[in-house]
Each structure stands twice: as structure tokens, then as C-alpha cells.
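What Swiss-Prot says about this protein:
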- 68-109: coiled coil (COILED)
- 1-13: compositional bias 'Basic and acidic residues' (COMPBIAS)
- Lys252: SUMO cross-link (CROSSLNK)
- Lys253: SUMO cross-link (CROSSLNK)
- Lys256: SUMO cross-link (CROSSLNK)
- 192-254: domain 't-SNARE coiled-coil homology' (DOMAIN)
- Ser14: phosphoserine (MOD_RES)
- Ser64: phosphoserine (MOD_RES)
- Ser95: phosphoserine (MOD_RES)
- Ser188: phosphoserine (MOD_RES)
- 1-20: region 'Disordered' (REGION)
- 1-265: topological domain 'Cytoplasmic' (TOPO_DOM)
- 266-286: transmembrane segment (TRANSMEM)
Amino acid sequence: MKDRTQELRTAKDSDDDDDVTVTVDRDRFMDEFFEQVEEIRGFIDKIAENVEEVKRKHSAILASPNPDEKTKEELEELMSDIKKTANKVRSKLKSIEQSIEQEEGLNRSSADLRIRKTQHSTLSRKFVEVMSEYNATQSDYRERCKGRIQRQLEITGRTTTSEELEDMLESGNPAIFASGIIMDSSISKQALSEIETRHSEIIKLETSIRELHDMFMDMAMLVESQGEMIDRIEYNVEHAVDYVERAVSDTKKAVKYQSKARRKKIMIIICCVILGIIIASTIGGIFG
């Protein structure tokens with residue numbers, strides 16, 4: 001009979017090599033994944049820093065009736081940078097999401113997959129938080145610009161309600177603000193100049209908000225769905241804890257009852273033994 005020991009040993013060594021290769025490939029994949037996570041986190045931090053700088057630019061522009069062009073250009077550059085970086089983050093998060101969905105579609109489940117899902121969820125939430133802050137900053141700036149326009153209109157003797165002013169802004173026509181204003185004083189001219197400046201800022205702002213709206217809603221819906229999933233997990237965990245606690249309690253009761261039953265059984269055996277001794281002694285006395 002042919003000795004196949006060497007052949008089997010070679011096959012085993014080959015299998016071991018395959019296992020090592022798979023492990024190394026998986027480790028390399030996770031290393032690359034964590035590098036990507038750090039890159040995304042860096043992008044999100046950059047957006048957060050830019051949002052704070054945008055707030056400072058807003059304050060500087062509002063502090064001056066006619067802000068210098070340099071400040072306005074710097075604000076536009078910041079807004080453009082936020083948009084570009086946000087699109088990068090969204091693209092990378094989408095790529096991770098698709099990779100996770102593919103593995104889930106193949107019914108694969110591993111510690112690595114759970115880690116990736118957790119990291120993706122954390123980054124998505126952080127991204128939505130910083131973009132929510134940016135959106136709130138833009139909305140606040142719009143309201144402040146709107147307030148300045150309303151005050152300048154009052155200076156010219158024209159009173160408007162908030163709804164009327166909103167209609168004027170939505171028209172997108174700067175000339176509508178000059179309607180009914182008597183341009184016979186430098187005060188009226190200066191007021192109209194600031195109105196036009198603020199209106200121009202609002203138009204740029206609304207364009208930026210529209211550009212980011214779809215992306216923001218897409219990510220917000222993703223995070224909301226993740227939140228529902230996390231809530232379900234927490235619910236299941238809480239109920240699992242309750243179940244375990246009840247099981248422990250029931251086990252303690254069972255042990256207690258079992259202990260009592262065992263003691264009763266021992267007492268019965270002892271009584272039987274004693275009774276047997278008494279009967280044996282009695283019979284012995286009779287026949288003795």
C-alpha cells in the first residue's frame with residue numbers, strides 16, 4: 001500500500017499557509033479601513049473648524065454697513081471649502097456603507113464587520129452633527145441679515161412685516177427694496193446700499209443652503225435609520241438583561257426548593273433508619 005503520509009503533511013502545510021494568508025489579508029484590510037476612518041475624522045474636524053471661522057466672518061460682515069470685499073471673499077472660500085470637504089466625506093461614508101451592505105447580503109457576520117458598522121455609524125453621526133451646526137449657522141446669519149434689512153427700511157420710513165420682507169427676499173429682485181423710498185437724503189442712500197449688500201448676502205447664502213440640502217437630508221436619514229437600529233439593539237439588550245435577572249432569580253428559587261426537598265428526603269431516610277432500628281430492637285427483645 002502506498003504511503004501517503006508525506007502527501008497529507010504537504011496538504012496540511014498548504015492549508016496552514018492559506019489560513020495565514022487570509023489572516024494577513026484581513027489584518028491589512030482592517031489597517032486600511034482604520035486609515036480611512038482617521039482620514040474621514042480629519043475631514044469632519046476640518047469642517048467643524050471652518051464652521052467656527054464662518055461664524056467669525058459673519059460677525060465681521062454684520063458689524064460693518066459696507067464690509068470689505070476681502071472678508072466676503074474669504075467667507076465664500078470657506079463655504080466652498082466646506083462644500084468640497086462635505087462631499088468627500090459623504091462619498092467615503094457611502095463607499096463604506098455599500099461595502100458593509102455587500103457583506104451583509106452574503107450573510108457574513110464577523111467581529112471586523114461589527115467594528116466597521118460601529119465606526120461608520122459614529123462617523124455618520126459626527127458628520128450630521130457638524131453639518132447641522134453649519135446649517136444652523138447659515139440660518140442664524142440669514143435671520144440677522146434680514147433683521148438689518150428691516151431696520152434699514154425703517155430708517156428710510158418704510159415699515160414692513162416679517163412676512164412682507166420674506167416675500168421681498170424671495171422675489172430675488174433688489175429693485176423692490178427701492179420702491180417707495182424717497183432718495184433725497186444721504187441717509188436713505190446709505191440705508192439702501194446696506195439693504196442691497198445684505199440682500200446679496202442672503203442670495204448667496206440660500207444658494208449654498210440649497211446645494212447642501214440634498215446631501216444633508218440623505219445623511220440625516222441614514223443616521224436616523226441607524227438610530228432606530230441602535231434603539232432596537234438597546235431594547236433587546238435591556239430585555240435580555242431582564243430575562244437573565246429573572247433566570248438568575250428563578251434559578252436561586254429552584255436551588256432553594258431543591259435544597260429543601262433534599263433536606264426533607266434526608267430527614268425521611270433518617271426517620272426510616274431510626275424506625276428500622278427501633279423495630280429491630282423490639283423484635284430482638286421479643287425473641288430474645
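Just so you know, glycine gets a Cβ as well, placed from its N, Cα and C.
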Integer Cα-Cα distance in angstrom, Ser64 (phosphoserine) to Ser95 (phosphoserine): 44
Segment-level pLDDT (mean, integer) for the coiled coil (68-109): 89
Number of Cβ atoms other than its own within 10 Å, given for Ser64 (phosphoserine): 11
Per DSSP, three-state class assigned to Ser95 (phosphoserine): helix
